[in-house]
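Read through the structure below, which is laid out as C-alpha cells, and then see the notes.
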Amino acid sequence: CPRRWWAVVVLAALPSLGAGGEAPEAPPESWTQLWFFRFLVNAAGYASFMVPGYLLVQYFKRKNYLETGVGLCFPLVKTCVFGNEPKASDEVPLASRTEPAETTPTWQALKLLFCAAGLQVSYLTWGVLQERVMTRSYGATATSPGERFTDSQFLVLMNRVLALLVAGLYCVLCKQPRHGAPMYRYSFASLSNVLSSWCQYEALKFVSFPTQVLAKASKVIPVMLMGKLVSRRSYEHWEYLTAGLISIGVSMFLLSSGPEPRSSPATTLSGLILLAGYIAFDSFTSNWQDALFAYKMSSVQMMFGVNFFSCLFTVGSLLEQGALLEGTRFMGRHSEFAAHALLLSVCSACGQLFIFYTIGQFGAAIFTIIMTLRQAFAILLSCLLYGHTVTVVGGMGVAVVFAALFLRVYARGRLKQRGKKAVPVESPVQKV
C-alpha cells in the first residue's frame, strides 16, 4: 500500500534507527532537515534546469535546426545540441602513455614516486578534511558547543568551481583535440556526479569514514551491473569472484563494527541508504563518461564539461533554496571552515590532475594499485585521528576487500600480457 511504502521511506530517513552503535549527537531539529527531504529539494532544483533543457534539445532536433538554423545563436545551439564533427586537420592525438627520452630506471622511479606521493597527499588530505568538515563542530568554546556545517551541496559547489577553473586554464594553456561532443550530453554525467558527491558528504553524518571507504571499494559490483545495462559489457569469471570476495569482506566489516567513541556517528540505516545512492550514481557516472570518450576528447575536456554543468546545477539549486548566502555567511563566521573548504577543493582539483598524469605515464594498472593503497591508508589515518575502532573480524574483512582489489589488478595484468582484451577500468575523471 502507498501508506506502508511512505512509512518505510520516512523511517529510513530518521537517523535514530541504527544498524549498530549510537545515534548521531545532534539529530535534525525538524522534518525539513531530514536528508531525504533535502535530497528531494535538491533534485527538484536540478530538474528545474534539466527538464527545460531536455525539451529545448528535443525541439531543436525535431525542427532539424542543424540544416535550417541561422543567426547569431546558431553556433551556440550547434555546439550545445548537435556538436561539431572534427576535421582531420584539426584532430590532435589524445595523450597516450609514451616513453620519453629520459627512459633511465632512476628517472622513471622518480616520476612514479612523484605521482604516488601526489595522489596520496591529495586524497589522504581530502579524506581527513572531509571527515573534519562533516562530523565536527566549528566555533566551540568552553561555554558554547559551536555549530556544524550541514549543507553538503555547498561543499560540492566549492569543489566543482575550483575544478572548473583548473580544467579551463589547462585547456587554454595546452592544446586539446577539437571538441566534437554535444555539450548537453555532459549534463547527465554531471547530474549523477553531483548526486553521488552529495550522498558521499551526507553519509558521513551517519556512518564512520572507514565504512564509507569500504563502500567505495565495493562499488566494483554496481559498476559491473551498470556496465551490463549501459554498455552491454561481458565480464570474466575472475571478476565475479573478486566482486563476491569484496561483498563478503564489506559484510564482515559492517556486521562486526565496534562501538564508536565520543560523538562519532555510528552506522545507521540512513547512512547505508546514502552509501548505496553514492555507489549507484557514481557507477552511472563512470559508465556514461566511458561512452562520451567515443568522441575522442581528452580527460581534461571531460573534466571541464562535467564540472561546468555541475556548477550550473548546484548554483541554481542553492539560489532557489536561498542556501548560497547562508553557506557564505557560515564561512564568514568561521574562518577555519573557510580554510578547510578551500583546501578540500584544492586537493580535489589537484588530485584529478595527478590521476590524468599517472594514467598517461604508467597506465591504469599502476594507478589502481596506488589508489587501492590510498584507501587502506585512509582507513588507518581516520582511525588514528578520529578514534574509530575496528574489531578483529572487521580487520579481516578489510584485508579480504583489499586482497580482492589487488587480485583484480593482477588478473587484469595477466589478461593484457596474454593479448586478451581486458575490461576497461572505470573512468577516473570524477572521483570526489
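Going from the start of the chain as shown, residues are counted 1 onward.
Note: Cβ is positioned from N, Cα and C throughout, glycine not excepted.
Keep in mind the model is a prediction, meaning the values are calculated, not measured.
What TrEMBL records for this protein:
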type     : residues : note
SIGNAL   : 1-20     : signal peptide
TRANSMEM : 34-57    : transmembrane segment
TRANSMEM : 109-129  : transmembrane segment
TRANSMEM : 154-173  : transmembrane segment
TRANSMEM : 238-257  : transmembrane segment
TRANSMEM : 263-281  : transmembrane segment
TRANSMEM : 302-325  : transmembrane segment
TRANSMEM : 337-357  : transmembrane segment
TRANSMEM : 364-387  : transmembrane segment
TRANSMEM : 393-411  : transmembrane segment
(request) Please check if the transmembrane segment (109-129) comes into contact with the transmembrane segment (302-325), where contact means 3 or more CB pairs closer than 8 Å and the residues in each pair are separated by 6 or more positions. (result) no
(message) Please identify the stretch among 34-57, 154-173, 238-257, 337-357, 393-411 with the greatest number of Cβ pairs below 8 Å relative to the transmembrane segment (302-325).
(response) 154-173
(request) Counting only CB pairs under 8 A, let me know which of 34-57, 238-257, 337-357, 393-411 has the most with the transmembrane segment (364-387). (result) 393-411
(request) Please figure out which one of 34-57, 238-257, 337-357, 393-411 racks up the most CB pairs under 8 Å against the transmembrane segment (154-173). (result) 337-357
(message) For the transmembrane segment (393-411), give me same-chain residues lying six or more residues beyond its boundaries with a C-beta closer than 8 angstroms to one of its C-beta atoms, as numbers and ranges.
(response) 210, 214, 217-218, 220, 236, 238-239, 242-243, 245-246, 248-258, 365, 368-369, 372, 375-376, 379
(request) Go through the chain and flag residues at least 6 beyond the ends of the transmembrane segment (238-257) whose CB is under 8 A from any CB in it; none is fine as an answer. (result) 19-21, 208, 210-211, 214-215, 217-218, 220-221, 224, 266-267, 389-394, 396-401, 403-405, 407-408, 411, 423
